[in-house]
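Participant: These came from TrEMBL, pasted as-is:
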TRANSMEM  50-69  transmembrane segment
TRANSMEM  90-109  transmembrane segment
TRANSMEM  149-167  transmembrane segment
TRANSMEM  179-202  transmembrane segment
TRANSMEM  271-295  transmembrane segment
TRANSMEM  307-324  transmembrane segment
TRANSMEM  375-404  transmembrane segment
Amino acid sequence: MEQKKKIIRVDKELHRCLYFFEILGLQYFSLRSLWKETKSPENPTILRGVYLFVILIILTALMVNYILADTDSMAAKVTAKNVLTYTVKNSMKIGMLVVLLVSGLQSFISTKNVKRIFINIQRLIDITDAEFDATIDFNVIRNNVKRNTAAVIIFFFLTHGSILVYVSTSSLEQALTIFMSSPPIIFILATTFKFTLFVKIINCQLTFLKTLIEGIFNTQKVKFIEFDMKIIPVRVASKSPSESFKKFISAKKIYNLIYENAGLVNDSMGFTVLIILIVHVIALTASGYQLFVILVEQKMRQNIPETCYTITLGLAMLISMVTVCQKTQKIMTELATVVSKIECDNYEQLTDESREFVHKFYMQLNHQPVLFTAYGFYTINLALLASILTGIISYQIILIQFYAA
């Protein structure tokens with residue numbers, strides 16, 4: 001009896017992976033109703049709008065309480081030399097509040113774009129199923145989400161929990177303030193996790209596309225024949241060039257969908273990512289300088305754990321975003337290499353029209369690659385991380401000179 005083929009639906013495959021974004025207020029539609037027009041309008045429903053308002057009010061109140069908690073103590077200790085430190089430190093906390101508000105609002109406003117991302121993923125699945133008789137292994141994505149979610153939870157409890165335990169031994173009031181800051185920080189971590197998740201989904205699609213393209217023109221099999229008492233291997237075409245070229249056209253359609261999705265991710269989260277980068281630069285600069293002042297003056301040592309926590313949190317979020325985006329560039333380079341190899345190896349058997357098409361696709365991969373930006377201002381990759389760290393070190397030198405003056 002012939003086994004019935006499984007129908008792949010992105011709403012069923014990824015619903016559980018993205019459900020917690022709905023709970024946190026970072027996604028304002030359900031994947032289960034994505035293809036039901038009557039239940040899935042382009043814009044969020046009124047109920048979800050109210051939910052966003054309530055979430056932002058609660059998180060903003062908690063964050064403002066965290067910002068204002070030690071204002072009096074700081075004001076009493078301000079001197080001419082460390083006024084800049086406290087100013088930057090407060091700016092960093094305000095920046096975290098801005099990230100919170102911007103990420104929630106941008107997630108709400110960009111609902112239409114995010115829906116298009118998943119609709120494009122479904123179109124991609126349909127093309128691969130119809131043209132290549134192949135499907136994306138969503139188990140890889142789901143397992144990756146589980147591992148990353150566990151890593152984020154462990155990281156949060158190890159860092160934030162350690163600060164909470166340390167502070168609770170000296171001041172219960174300060175410990176309560178840090179505990180109340182947990183929901184906003186979880187929200188900000190989830191925002192970063194959402195961005196990296198979308199990038200990883202696109203990386204998975206690009207890797208899948210590279211595998212498909214590698215097999216398109218790999219149309220020859222080895223046949224052994226006996227000639228003059230010798231066994232000679234002879235390569236025999238198993239598919240016609242025209243059939244392979246049709247699949248190559250389908251592969252280009254898949255790339256166009258992936259490219260469109262990358263643009264939608266940039267439009268949906270680019271401004272939030274830009275704010276996150278700016279806030280982290282300020283946070284790392286302020287925390288590094290504050291740690292220097294504490295070590296030099298041998299005062300306020302109780303602030304060392306919180307300062308180190310800020311540095312750890314900032315670096316972890318930066319590195320997580322940069323590494324996944326750098327992997328995108330690596331996959332794009334490999335994909336362009338595969339297409340270039342196809343163009344060279346199959347030059348004679350391709351028609352003039354086919355050669356031109358393959359060459360144009362190769363040029364597209366080089367001049368219109370899939371990449372992720374901070375709202376168009378910066379391309380997110382290892383070069384950006386190096387620039388940020390170099391800038392922070394430069395700022396540290398200036399601040400240390402200011403302190404020594």
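Even glycines carry a Cβ here, placed using N, Cα and C.
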Participant: For the transmembrane segment (50-69), could you work out the same-chain residues 6 or more beyond its ends whose Cβ comes under 8 Å from its Cβ atoms?
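Facilitator: Same-chain contacts beyond the flanks: 24-25, 28, 44, 90, 93-94, 96-97, 100-101, 104-105, 108, 174, 177-178, 180-181, 183-184, 187.
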Participant: What residues elsewhere in the chain lie close to the transmembrane segment (307-324), defined as a C-beta under 8 angstroms and at least 6 residues from its ends?
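Facilitator: Counting only partners 6 or more residues beyond its ends, the transmembrane segment (307-324) has Cβ contacts under 8 Å with 92, 155, 159-160, 162-163, 185, 188-189, 192-193, 195-196, 199-200, 203, 273, 276-277, 280, 283-284, 286-288, 290-291, 294, 380-382, 384-385, 388.
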Participant: Examine the transmembrane segment (179-202) against the transmembrane segment (375-404) and state whether at least 3 Cβ pairs sit under 8 A, considering only residue pairs 6 or more apart.
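Facilitator: The answer is no, given that the two segments have fewer than 3 Cβ pairs within the 8 Å cut-off.
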